[in-house]
Amino acid sequence: MAELQEVQITEEKPLLPGQTPETAKEAELAARILLDQGQTHSVETPYGSVTFTVYGTPKPKRPAIFTYHDVGLNYKSCFQPLFRFGDMQEIIQNFVRVHVDAPGMEEGAPVFPLGYQYPSLDQLADMIPCILQYLNFSTIIGVGVGAGAYILSRYALNHPDTVEGLVLINIDPNAKGWMDWAAHKLTGLTSSIPDMILGHLFSQEELSGNSELIQKYRGIIQHAPNLENIELYWNSYNNRRDLNFERGGETTLKCPVMLVVGDQAPHEDAVVECNSKLDPTQTSFLKMADSGGQPQLTQPGKLTEAFKYFLQGMGYMASSCMTRLSRSRTASLTSAASIDGSRSRSRTLSQSSESGTLPSGPPGHTMEVSC
């Protein structure tokens, strides 16, 4: 019989002095919670302090995903349903994320004093270089909604070399005209600030339906302790300048762009017009059926798939698993061969290209997808 030998087994991760297995598990859980919550920073800029939260660690030769939220929201209420969606984890594990809160919109923000001059949207865009310098990040992929989409677009116009791509949801690149101002003033006489902001965020059909989502966000805005700050951000949005996009001109976005809007959303016409002004070789247009005014809240799965395609076209996520939009495309191409036009809008795909396929490389044409 072979002689038994004593074998000493040591832990792969030895416990700290005085640490029990139970406390080690608690420490590991606390670390995971901290990682999930991100790290919040504030930086001073020429236009005041701005707060942002960083998730993950920088990846070599990869840009940061950089988000900016809409009026009435902060980064959590605007983007958490999207970035916590299951299929999105494949993306976020490959990129560091920076979520910006507009001044005074972060959780626990004090109310600005009476007479405080809130930054314009152009000035909010001018804060972004201070954030990137603080983090030592050189390039970003921007994801913005509403006012945030405008801010990121303004930044991209001023600093094109630092923006690799933009996902712009509900962007309105135009300044308010006289008719818009008159309607806004008239609405202000009969509606509260929360009601006006809700009308900006959601369609009338959604507001009339009063779903759980609408009830949730109505409560968030109506009972916000920083409602005065929200009104200042709202006023800055309504005083925005025209971005003056011009197809074929000097004033245009130089990076790949994905425009996103919900079918019958409040900003559908504005996004369609924006699409007509951008470079068709760099722009894709995603119109999402049954998503309402905030597709990142109501259809995070479809938007995640579109985002994966967008990143793949930029040379990232090449081996990513595409599912929902792939099935939608297959059904659409089958539908296109049929005379029957009664098929659901959620299964249609139309492109200005005659290839009949989604681009696998950088965007080469304007495409419109209803999914």
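Backbone N, Cα and C define each Cβ position, glycine as well.
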Here are some residues: SER236, SER276, SER338. Which is flagged as phosphoserine in Swiss-Prot? SER338
Of the residues SER211, SER291, SER328, the one that Swiss-Prot lists under phosphoserine: SER328
The candidate from SER352, SER360 that Swiss-Prot records as phosphoserine is SER352
Phosphothreonine according to Swiss-Prot, picked from THR10, THR330, THR366: THR330
Where does the phosphothreonine label fall among THR51, THR334, going by Swiss-Prot? THR334
From SER346, SER355, pick the one Swiss-Prot annotates as phosphoserine? SER355
Where does Swiss-Prot put phosphoserine, among SER192, SER203, SER335? SER335
